[in-house]
Amino acid sequence: RFPFTMLVLQKAIKMVWELPDVMRVAYAFVLVMLCWMALWSFGVSGIVAMPIPNCGQWWLVLALSVSLFWTGAVLSNTVHVIVSGMVFLVLIHGGQAAASMPPKPLLKSLQYAVTTSFGSICYGSLFTAAIRTLRWEIRGVRSKIGNNECLLCCVDFFFHIVETLVRFFNKYAYVQIAVNGQSFNRSARDAWELFQSTGIEALIAYDCSGAVLLMNTILGGLITGTCTGVWTYFTQRDKAIMVGSTSMLIGMILVGLTVVVVESAVTSIYICYAEDPLLIQRWDPEFFEQMSEALHQRLQYRSSRARQILNGRLDHLPNTSSI
């Protein structure tokens with residue numbers, strides 16, 4: 001899976017590299033987030049300085065951390081919509097310098113993201129990250145169960161619940177929001193139905209780019225939290241854990257704001273491939289051939305896997321033969 005993941009990430013970075021204005025927007029949003037964090041830190045500092053019992057301090061800091069995380073998610077997904085709109089326009093029109101390209105596309109994409117689509121972005125930011133993480137965890141547990149039929153049945157039940165949630169809350173909705181201007185739930189549903197009808201969902205499940213980018217975000221948060229926690233330990237030992245954990249969250253948000261540019265390019269590539277594979281072929285013919293081959297292999301694997309499972313179940317029934 002990793003060679004294919006690295007291929008997709010390389011092509012996404014290539015796309016972003018061809019759009020330097022997109023990175024400037026990401027840096028501008030990082031600056032906005034830093035300004036918000038400066039204001040937010042005054043509230044946290046006041047709570048830490050107030051003579052409140054430790055348990056009360058933790059609850060207040062937790063509430064402020066949730067608000068900070070949601071603000072970071074909103075800004076991150078706003079960048080997601082802006083980048084997705086730009087990438088989609090570039091692929092449709094055959095390049096940023098194409099004569100059919102609309103004037104000032106980045107400015108229009110930014111204006112659209114912070115006005116018409118902002119409500120959908122705020123709504124989706126509450127759920128997408130949590131549901132995606134839960135889906136990864138259940139997938140990991142499901143692959144390690146083995147032959148325990150009872151446990152497999154329970155995990156399958158939860159997996160189908162999460163799959164239903166993914167149908168209405170997924171990161172690919174932001175591309176549809178950027179392109180079609182639909183509501184969040186409708187965009188998520190349309191994107192997922194598009195992937196399932198074209199078979200691209202098998203390729204997305206095979207891709208690990210989201211996990212790789214998430215690990216980069218977590219690594220950035222761990223470095224920030226560790227450095228700040230060690231410094232606090234030598235100055236105010238009793239506040240080290242609180243300050244370190246809060247700093248880790250801040251570091252993850254800031255790194256995530258820059259990493260989301262690459263993630264947006266990845267999601268836009270998949271949407272474009274599902275909508276019209278010729279868009280990818282026109283942009284990079286070699287990459288198109290590699291994606292098509294990978295999709296063919298994944299569909300063949302799923303077909304053989306389903307046949308094996310069905311044969312295994314039929315073997316437990318009397319008077320039946322394998323397919």
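Every residue, even glycine, has its Cβ placed from backbone N, Cα and C.
In TrEMBL, the feature transmembrane segment is placed on 112-134, out of the ranges 112-134, 158-180. Your range for transmembrane segment, going by TrEMBL and the list 213-234, 279-300, is 213-234. Same-chain residues lying 6+ beyond the ends of the transmembrane segment (213-234) with a Cβ under 8 Å from its Cβ atoms: 240-241, 243-245, 247-252, 254-256, 259, 262-263.
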